[in-house]
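Take a look at the structure below.
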Amino acid sequence: MSTPEYSTSAKSRFDITNLTTDPFVVATWSVAMISWVIAFIGSIVANIEGSFPRFTWWGLVFQLLMLVFLPAVYCFDVVEWYRLFLTCGYSIAFIYTTNSATNLVWSGGSATGAASAGVILLSMVNLIWVFYYGSDNASPINQWIDSFSLRGPKRSSVSPFHNSRPISHDKYSGSENDEFKHSSWNNQRYMSSTALSGLENVSQGDTLETTPFNSPDHDGLGTNITAGGTNITIDEFPYTARALYNYQKSPDDENEISFEKDEILKVNDIHSRWWQAKRANGEIGICPSNYVELIE
């Protein structure tokens with residue numbers, strides 16, 4: 001399984017709004033920082049008053065490093081690069097904090113009680129982060145959480161090019177990629193392999209005639225194929241969808257399209273995470289399915 005590539009130059013600029021526009025991260029990180037301060041101060045006082053489990057200190061230091069790292073990856077917009085690291089890191093932090101809670105919760109004194117309360121809260125936040133960063137952005141829970149973000153849902157980590165879209169095969173073309181770049185995605189009319197099922201053996205002498213999107217002869221985009229005296233009309237974009245959020249296409253994927261919130265799109269191939277779509281201006285490309293909703 002391949003993963004999408006990101007441009008370092010486009011993704012490495014510091015922008016704090018990447019963090020502040022995500023209420024889930026702001027809320028959980030704030031709770032974690034307050035919990036860490038409580039646990040740290042309680043641990044200092046408990047250590048002064050008497051014996052204190054020394055391994056807890058390393059757990060608190062490791063937790064602090066992870067807490068500092070999280071806002072950094074958001075501000076530089078490189079979260080997708082470090083999802084695996086975040087999942088593993090917070091899993092380790094969860095083990096440390098739960099172990100510290102076990103040692104502290106049964107100890108007497110108000111200081112150890114405060115420290116145990118802090119590490120218990122940290123354990124809860126760590127577990128939430130493990131589930132969140134360990135899940136794909138297209139999962140139902142992540143989509144629900146990201147729906148509160150001002151930037152909208154995040155991209156799925158599954159590559160749209162290799163895993164979601166059917167590729168049109170041309171027996172006269174030497175390369176599928178070349179056909180894709182020079183034929184399908186330069187606003188030329190094309191037909192997917194799904195639509196051509198059973199019609200692949202059209203001879204060179206047969207004619208292929210395409211009807212424009214806004215043609216008065218058809219309500220939707222259609223393709224007329226004349227093969228052996230047979231007329232067949234196929235609607236390439238039979239569905240209509242409305243954009244739920246603004247979407248800016250990735251600079252590294254020329255097959256994507258940008259669109260604005262509430263824009264109406266014509267789509268097909270709705271059984272995957274990335275849909276083939278056509279804008280009103282005739283631009284054709286792919287869009288993430290969690291950014292749009294079908295209206296007919």
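Every residue gets a Cβ built from N, Cα and C, even glycine.
Now, the feature entries from Swiss-Prot:
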- 236-296: domain 'SH3' (DOMAIN)
- 1-23: topological domain 'Cytoplasmic' (TOPO_DOM)
- 45-54: topological domain 'Extracellular' (TOPO_DOM)
- 78-83: topological domain 'Cytoplasmic' (TOPO_DOM)
- 107-110: topological domain 'Extracellular' (TOPO_DOM)
- 132-296: topological domain 'Cytoplasmic' (TOPO_DOM)
- 24-44: transmembrane segment (TRANSMEM)
- 55-77: transmembrane segment (TRANSMEM)
- 84-106: transmembrane segment (TRANSMEM)
- 111-131: transmembrane segment (TRANSMEM)
Long-range Cβ neighbours of the topological domain 'Extracellular' (45-54) (under 8 Å; 6 or more residues past either end): 100, 103-104, 107, 109, 111-112, 114-115
Residue numbers, six or more beyond the limits of the transmembrane segment (111-131), whose CB comes under 8 Å of its CB atoms: 28, 31-32, 34-43, 45-46, 49, 52, 56, 59, 63, 86-87, 90-91, 93-94, 97-98, 100-101, 104-105, 141
